Each structure stands twice: as C-alpha cells, then as structure tokens.
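**Q** Feature table excerpt (TrEMBL):
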- 12-215: domain 'Neurotransmitter-gated ion-channel ligand-binding' (DOMAIN)
- 218-242: transmembrane segment (TRANSMEM)
- 223-454: domain 'Neurotransmitter-gated ion-channel transmembrane' (DOMAIN)
- 248-269: transmembrane segment (TRANSMEM)
- 281-303: transmembrane segment (TRANSMEM)
- 438-456: transmembrane segment (TRANSMEM)
Amino acid sequence: AVESAKGKYAHMLFNELFEDYSNALRPVEDTDKVLNVTLQITLSQIKDMDERNQILSAYLWIRQSWYDAYLRWDKDKYDGLDSIRIPSNLVWRPDIVLYNKADDDFSEPVNTNVVLRYDGKITWDAPAITKSSCVVDVSYFPFDSQQCNLTFGSWTYNGNQVDLINSLDSGDLSDFIEDVEWEIHGMPAVKNVITYGCCSEPYPDVTFTLILKRKSSFYIFNLLLPCILISFLAPLGFYLPADSGEKVSLGVTVLLALTVFQLMVAEIMPPSENVPLIGKYYIATMTMITASTALTIIIMNLHHCGSEAKPVPQWAKVVILDYMSKIFFVYDVGENCTSPKREKEEECRLEGDDGGQRRHKEVRSPLSTRNDDCNLKEKLNGNWNKSYGVHGENANCCSCYKMLIKNIEYIANCVRDHKANRAKGIEWKKVAKVMDRFFMWIFFIMVFFMSVLIIGKAA
C-alpha cells in the first residue's frame, strides 16, 4: 500500500513538474547567474593504448550534478517523496564534452536516467567509452611512463554561464580493473580557465591527467632478452677457425635476426623522431655486428696471405706476435695448449742445435769445401792414373765436380726459400689469430656494457 501511494504521488509530481517545463534553456531564475556543474570521473578500465596512433581508449563513469531552479517541490506535499528517477533527455543537461576526443563516432551520450531530488539537485551518472588523443613519448620504451590528459568542458556555454567544479582532487580509481600492460600511478584533476582567440569570455575546463607506467616484463622476455642473447653470438664469430668458412655467414645471420626484431619494434612505435631505448640498443648492436663482420673479412685476408705476401712488419712482430699473443694465449700453428712447457723448450733447443749445425755445414760447403773437394779429386785422379795407367786432365774432372756441387747448392737454396715462405705464411696466420682473439674480447666487453646500460635505464 505504501509503494502504491508513492507511485501515485510520483505520477502527480511528474505531471506537475513537467507541465510547463522546457529542457532547451538553462535552468536559472536569473539569466546573469552562473550555473555550477560538479564533475567527477571514475576510471573503470583501460581498453587500449595505441602508441602508433597515439590514442587512449578508456571506460569511464562520468558523474555530473547541478541544480535546476524549476524542478523543486515540497516533499511533505507528496507523502515524503524526496527523489525520482526520470530519463535524462527530459531535463536540461550541460553540453560537457571531451575536448581531446579522437573518435570518429560523434554520437550522443548514453541516455541513462537522472536522479532528481526535491531541492532541484540533478545527478546524472553515464558510462562512456572514450577515445582521447595522448602524446606518447616512447624514448624509454619498454621502461616508459605516459601521461594522458582527459579534458572536459562545456562546448557552447562560457564561464559566465556554466562553471565547472571539481568534485574531487583526482579521478576515482576505487573501481579500476587492473590492466595487464599498464599500472595506474594516479589521476590528478586540475581546473583551467582559458580564453580562446575566437571569444573574449573565459571557458573553464577540468583536465584529468592519467599517469601510466608500462609493465615491461612482456617486452623484456620477447624483445630485449632474445636481442641480448643474439648479440653475444656476434663476438664468437672471431673464435671460429678461419678455415671453417662460417665466420662471415654467422655475422650476416645474426644481423638478419636483429633486423627482424627491429622491424617488430618499428611496427609498434609511432613514426616520430624519438627513437625508443630498445630501438637504440638494436641499432647499436647492428652497428657492432656490421663492424665485426667487416673486421672478420679483413682478418680472413690476413689469414690467407700465403707465401707470396710481404713479410710481417717488425712492429707487428714485436707488438702482435711477441706481446699480444701471450696476453690472449695464442699459440703457434701446430702447438697444443695442453703440451708441457719443458717439452716445447727441449724440442726448440734440439731443433735450434740441428739447424745451427746444418747452417754451419751449408755455409762451409760452398767456400772451403769446394777447394778441398778439388784437392781430393786431384789426389784420387792421380792415384787412379798411377794404378791403371790412365792419364787425364785434372781440370776436366774438377769442373764436373763443380757442376755437381752447384746443382746441389741450387736445390738447397730452393728448399731454404720454400721453408722461409712457409714460415712467412705461418706468421701471417698467427697475426690473424691474435687479431681474432683481440677483437673477440673487445666486442664481448662492448656487448656487456650495452646490456648493463639498457638494464640500468630500467632501474
């Protein structure tokens, strides 16, 4: 019975209130009086952040409240009825819109009911899916923070007619649904009064600044970590043997892999002058791999110099073969890093003694031995002639032996030249091996410091 009575009084109240009411005019008794509209925004969900197009899509609850001077009643006359709910299109509504809207759909607000109180206060709660423009700074992507503004204000009423008042100092985040990509660090609200060039009257607006912090775990495991692992493969190209034929192909393969990741980042980011942090890391790594591939080609040429190349310069022998080879533990061709040092020294000593004896004999043979051989041959010929009664010319016999010795000396010189050329090629191979080890450690240090730098930016 009580509910039926209230329903009866609500119909009576509705008919009496809207009998001569018009929702086209601003509901104030004095046209010079300012109508205050209280605005409150509740953020429910972030639907999408389109960094490439710089658009923020959010699900909001917009609450507006104001006083209507022509919709008041005495609740005692209507059996204590203090509020009614009616469609919002029946009453006057402020034309508050989102200034930085980036949506193609210019549809009307959702026609939800308003709550009308006996003192003329109207409260309008309306849900809205807004798409607002947001200036995205991707300089520190994927460790970036963004600030997106939501500016609300009246489109036609100036500040002398409709004034906006903040209900709270910030947006309401109590009903926010946690987002998988972004963390909310606040939503402060600021009222601004701006005079535009078209009009002399001030236009107030309320700007809500949404502070977002990106959750970077997804991008670390899918974009950053693979790049770091791939970049550590580039210095290992210097460790590959030069005869394997895979040194250059490894660098080219790593460069192509990083190019794929760079294209993935470029598809996400807006085409702006601000290069993201991860993009800078990709570019630096690709530059490093390009340099390592070029150095590998140069070192391969040193390795395959061969016996016809010029000898290794003296400074290179001192700096590279004597000092750098010991620093980077580079051994001679044919040496084993596990062989004892004493055995090596003993072998070198024996080889040096044998070589000295051979060289002594070789030096002695062309000079002193030649006359000795001639004297020996003359004695042998004399004995031969005495024994067998054969008389010949000693000069002819000596000339035959001289020709034979000359041929032997020619063969010995060829062997010595071949050994010298072979030793020259071995020296160039050792120079190439030392340079490989040197650049390998240099590029390992570069990759390490670049990785530490980008991780430090995240902190």
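The backbone N, Cα and C atoms fix where each Cβ goes, glycine too.
How buried are these features, and what lies next to them?
**A** If one looks beyond the transmembrane segment (218-242) by at least 6 residues along the same chain, the residues whose Cβ comes under 8 Å of a Cβ in the stretch are 141-142, 181, 248, 250-251, 254, 257-258, 261, 264-265, 278, 281-282, 285, 288-289, 292-293, 295-296, 299-300, 303-304, 429, 432-433, 436-437, 439-441, 443-444, 447, 450-451, 454.
Non-local neighbours of the transmembrane segment (248-269) in the same chain are 51-52, 138, 141, 223, 226-227, 230-231, 233-234, 236-237, 240, 276, 278-279, 282-283, 285-286, 289-290, 292-293, 296-297, 300; each lies 6+ residues outside the stretch with a CB under 8 Å from one of its CB atoms.
When Cβ-Cβ distances below 8 Å are used as the criterion, the transmembrane segment (281-303) is approached by residues 224, 227, 230-231, 234-235, 237-238, 242, 247-248, 251-252, 254-255, 258-259, 261-262, 265, 275, 428-429, 431-433, 435-436, 439, 443, 446-447, 450, 454 of the same chain, each at least six residues removed from its ends.
Within its own chain, the transmembrane segment (438-456) has Cβ neighbours under 8 Å at 224, 228, 231-232, 234-236, 238-239, 277-278, 281, 284-285, 288, 292, 295, 299, 324, 328, counting only residues six or more beyond its boundaries.
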**Q** What mean pLDDT score does the domain 'Neurotransmitter-gated ion-channel ligand-binding' (12-215) have in the model?
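**A** That region's mean pLDDT is 90.
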